[in-house]
Amino acid sequence: MTDENIRQIAFYGKGGIGKSTTSQNTLAAMAEMGQRIMIVGCDPKADSTRLMLHSKAQTTVLHLAAERGAVEDLELHEVMLTGFRGVKCVESGGPEPGVGCAGRGIITAINFLEENGAYQDLDFVSYDVLGDVVCGGFAMPIREGKAQEIYIVTSGEMMAMYAANNIARGILKYAHSGGVRLGGLICNSRKVDREDELIMNLAERLNTQMIHFVPRDNIVQHAELRRMTVNEYAPDSNQGQEYRALAKKIINNDKLTIPTPMEMDELEALLIEYGLLDDDTKHSEIIGKPAEATK
């Protein structure tokens, strides 16, 4: 069973946006502040806990279950490891590429953890979820009411914003039935022009906040190469302070909202306003016409 006092959060975002890196650095800072945390990796790459564990990839629930024959044959200590500052780490895993549903690993892992008492003596459970909300399996932490606070990692790049809007749409779908809410956008900077202003504008349109702007800093990559969080690798760095600031904001966050996703033309108008997308009027002679008609 799950303690009702636990705050269950999830980090979503476009693939490659730096979601796992951002979440682990932020959760490490939260652990430094005395929060008791468990990370449940919901990505078949199983990279949601590697900075916490100083490892390439943790053995996943699905992988071990396949070896043993059934998830019921596993022991909790085999799949839940302890990392930096006592953070508990689990990776759900997924099937071989092209075979089966990766969302099944999330469902199997969470059920196993609940049935074996993993959710006891915790302040936060964090789900690190693959990419966009592309299927019901990956939306499972939202759909089943597991994750109550969603943080979307995005940037001022066009596809990251498209993904953020789609994720907001997924949250809205389950907000009334499951009680899930959007906690805010985390801008993981790509040094796009007017990036902070753009993401604040996007957040306002989505009825949420830009909870923090994480500047780009090479020290993040230096720490990653050593399989460490910034907080452990360079605790006195400016970037470490940024993650601590974000951690504090999440701990104290009470602005949990039902998002208002944008229609595609509204989102594209925002992108045009900030110069990320060409104005279609410049190409009106070909827009909307069959390809053969524009040769």
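Including glycine, each Cβ sits where the backbone N, Cα and C put it.
Taken straight from Swiss-Prot:
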BINDING   Gly13, Lys14, Gly15, Gly16, Ile17, Gly18, Lys19, Ser20  ATP binding site
BINDING   Cys101, Cys135  [4Fe-4S] cluster binding site
MOD_RES   Arg104  ADP-ribosylarginine
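Sparsest Cβ environment among the binding-site residues Gly13, Gly15, Gly16, Gly18 (other Cβ atoms counted within 10 Å): Gly16. Between Ile17 (ATP binding site) and Arg104 (ADP-ribosylarginine), the C-alpha separation comes to 24 Å. In this structure, the recorded positions Lys14, Ile17, Ser20, Arg104 were compared by how many other Cβ atoms lie within 10 Å of their Cβ, and the smallest count belongs to Arg104. Rounded to a whole number, the C-alpha distance linking Gly15 (ATP binding site) with the residue listed as 'ADP-ribosylarginine' is 19 angstrom. Taking Cβ-Cβ distances under 8 Å and a sequence separation of 6 or more, the neighbours of Lys19 (ATP binding site) in its chain are Phe11, Tyr12, Gly13, Asp128, Val153, Asn188.
For the pair Gly16 (ATP binding site) and the residue listed as 'ADP-ribosylarginine', the C-alpha distance works out to 22 angstrom.
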